[in-house]
Amino acid sequence: MKETPLSNCERRFLLRAIEEKKRLDGRQTYDYRSIRISFGTDYGCCIVELGKTRVLGQVSCELVSPKLNRATEGILFFNLELSQMAAPAFEPSRQSDLLVKLNRLLERCLRNSKCIDTESLCVVAGEKVWQIRVDLHLLNHDGNIIDAASIAAIVALCHFRRPDVSVQGNEVTLYTPEERDPVPLSIHHMPICASFAFFQQGTYLLVDPNEREERVMDGLLVIAMNKHREICTIQSSGGIMLLKDQVLRCTKIAGVKVAEITELIQKALENDRKVRKEGGKCGFAESIANQRITAFKMEKAPIDTSDVGEKAEEIIAEAEPPSEVVCNPVLRTPGTAQVGEGIENSWGDLGDSEKEDEDGDSDEAAVLDGLKMDTGIEISNHGNQDAPIVLSDSEEEEMIILDPDKYMKKVRTQTISTKQAAVPSKRPTKKRKKKRAVD
């Protein structure tokens, strides 16, 4: 996946801010981002955060045969990986030019500067030496990878402990950490890289550029130096021509920044050593700041509950007593009542509209009763005559049949007609069912 290019508006905005000596994150021209170092549970494992750029460092070792031309020296190997987790633009399948350049710069900074005594890694001359492997993984990319990687590499090497060995004749005995304490590496000095970005053909200078500033810069100068102001390596990229005064000014700034970072590293190593010596908890989980969503624990605030009863009594004494309320239920009509004080309830009183509705309902009821009485009288009068009275079940108007013979004929014709009407209505349904079954 290709990197999303900056728009012309963003580019002009960044360059204009740099011209006015302003940066997006509020830093000054020569300010570094905040550096945070945390250690894992094992020796040689650490995470370095330079702003939002995060690098994981892990050191491992094994006994191997030495090189033919250096039979008494150990082997140092550095490997930096740029994963897509750090930035979508990185491709894990192949090594990019940026990755090759960073690996070479790390080897020149740490291995060629002789910061580690490789002769102390020899166990048996010409047969067995220690191979120290430093693996660096970029977890998040927000600019200035080389500075964060160099700090993570030197911190992991200083924190690492190799197993102790003993040689008796041709036998090499390797001891576990439980049998003998691991041995730290012999480190002479701590070289650290400092990056300087140049803009407008070297007119403007920034220290520790972030990812957006790296996109608009014209050139980059990397100086590897230790706290003794000894230059271990220097590299310029971007194709810009720098003056001697510019390089000297960058070396002076690098000397100050490297001394501050070295002091920070030594303090972090000392704190971790004290925690492990006292038997306290250590690891990445313990380094997470409290009072955050990602924290595993929170500090408990102490609460004094000794004088809770006295305070409660004082509050009750100062409070106003409640007003006495006597509930006198008032019976308005059967089934309704008023409880408490306030406006009188009017549930029992009927309104004018309700009274009119009740009067109308009573009139309708009286009319219906009169109709029922009239019909009862007529039926009884007809019942005095010896003629049968049959009421049809149809939805039409009620009929009174006086002749029984005619009535029987009509009932038969009605039943025959209803059967004939019902039969054809059932047949098509049977045919449809058969057709559906055939289909």
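Cβ coordinates are placed from backbone N, Cα and C, and glycine is handled just like the others.
Look at TrEMBL and you will find 354-363 tagged as compositional bias 'Acidic residues'. Residues or ranges marked as compositional bias 'Basic residues' by TrEMBL: 427-439. TrEMBL lists 32-163, 189-254 with the feature domain 'Exoribonuclease phosphorolytic'. Marked as region 'Disordered' by TrEMBL: 337-363, 413-439.
Mean predicted confidence for the domain 'Exoribonuclease phosphorolytic' (189-254): the pLDDT average there is 91.
Per-class residue totals from DSSP over the domain 'Exoribonuclease phosphorolytic' (32-163), listed helix then strand then coil: 34 helix, 52 strand, 46 coil. Shown for the domain 'Exoribonuclease phosphorolytic' (189-254): DSSP residue counts in helix, strand and coil, namely 17 helix, 26 strand, 23 coil.
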